[in-house]
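J.: Here it is, the structure in full.
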């Protein structure tokens, strides 16, 4: 079992590297992190938090858009493309189990996203450490950001692969990936804001709304990062992070549930593919 | 039961349409069976059923005694699809290492396989730069990983030049000599003549004939055609005497059964003064193939 998953993993990781995904993702994430760090350094002196914490907050907000996008782009074609090219028929004809193919691809692409995050955010983190004063809280916030960003990447790789297995056609998988990105990253927040405006203060605002927020992996990721920082300057939905009815770690549990769900649905669906 | 592949009364329907209808055949270890059929006859569907990708509507398929698609069945079968497409940015060696890893066979085998199909020199080049023949040979090497008990080759030589085709069949013969059962599909009889042990002809999802080439020729019982060129003005006389088909003013085609050939020639000899030339055309491979693949269910009933 482990050799077969390892074989799929190695092959997929080699692909991600040769297709320049890792380099591209690293460059995009690194440039955005650097820009936000410079922006944070510019206004840092006026606030009571250090540059690292400040940048972690703004980077968490930006990562919600970027990391799902990168993860979906990397994964949406992975199964449907192989169905269309016919190479999946060869793989499925071997003794490899279908779920091993799904998990092997998921692991490899997650590693690719994580390597990009580690290099990009790690480098910028060190750079800030050299150039500005940092606090212990700032370093912790940065580490939490990198770790949870990896988790967010894993979930959206899982979602992308799941969509790829569900649709079985690259064009449809691409449409579904764009749709899911818009829905989870953009529209969900707008709808929630609308709902809380309409409902006003009450049971919905205190007991339903927070759960709806962490039900979405993108929001759960942002909520976790902001809620763990006391001094974070926040607004809008993120204001919720100060008045949560559950500990911020619950948001991590929500991320975990998403990952398990995408693996379960994706593997089950991969079993039913006729290559 | 010694058959590696045993198919019994297999039927398969797609959206109300019968793609395979009551197909039964078996392949023994070391045997090469060619499955012939036109496009859409059901060859690829049959392969996908043996691989467990498609499920029979009725009938049974057993691969080394196991259900198709089950773990032991997938361990026994190696497959080369009609269109091979590997990731273009991987080298030939990386492609083989991948499949070797999935089959859990030793990596040391990879170089040996590359040598067997003549790709050792190109092993570390990207597959995207391979010619069609090279990609096809890489596909064959992939199908030979781990000494398969059953080789499924779906039109393995389509689009190959005659030399590559010949080499391809040598590798397949070698695999069969090592004990693999081989089921391969093809468009034409000429191609598999002398290359396989037996032949099965599939048309519109039904198995029309199965046997060696000699058996098929005998079963078809196709007439030998005797082509006569008459001397000027004599064609009408000959036509009146022997019947047959007039091709033009001086030519006549006579069909005769295998056993009646000598008699007919003797009778023709008595009219040698009217003959300019006689040509004997025994039924060709194409005729035999067309005979079986044309034989539809409606013609059977008439």
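Any Cβ shown, glycine's included, is placed from N, Cα and C.
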J.: According to TrEMBL, which stretch among A:173-199, A:200-226 corresponds to the feature transmembrane segment?
T.: A:173-199
J.: According to TrEMBL, transmembrane segment applies to one of these ranges: A:20-39, A:80-99. Which one is it?
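T.: The listed stretch tagged transmembrane segment in TrEMBL is A:20-39.
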J.: Please give the sequence-distant neighbours of the transmembrane segment (A:20-39): residues at least 6 beyond its ends with Cβ less than 8 Å from one of its Cβ atoms.
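T.: 51, 55, 58-59, 62-63, 66-67, 70, 73-74, 112-113, 115-117, 119-121, 123-124, 127-128.
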J.: Using a Cβ cut-off under 8 Å, which residues of the same chain at least 6 positions beyond either end of the transmembrane segment (A:249-268) come close to it?
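T.: Sequence-remote neighbours of the transmembrane segment (A:249-268) are 98-99, 102-103, 106, 148, 151-152, 154-155, 158-159, 161-162, 165-166, 214-215, 217, 220-221, 223-224, 227.
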J.: In the same chain, who gets a Cβ under 8 Å from the transmembrane segment (A:173-199) while lying at least 6 residues past its ends?
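T.: Contacts with the transmembrane segment (A:173-199): 64-65, 68-69, 72-73, 76-77, 79-80, 159-160, 163-164, 166-167, 205, 209, 212-213, 216-219, 236-237.
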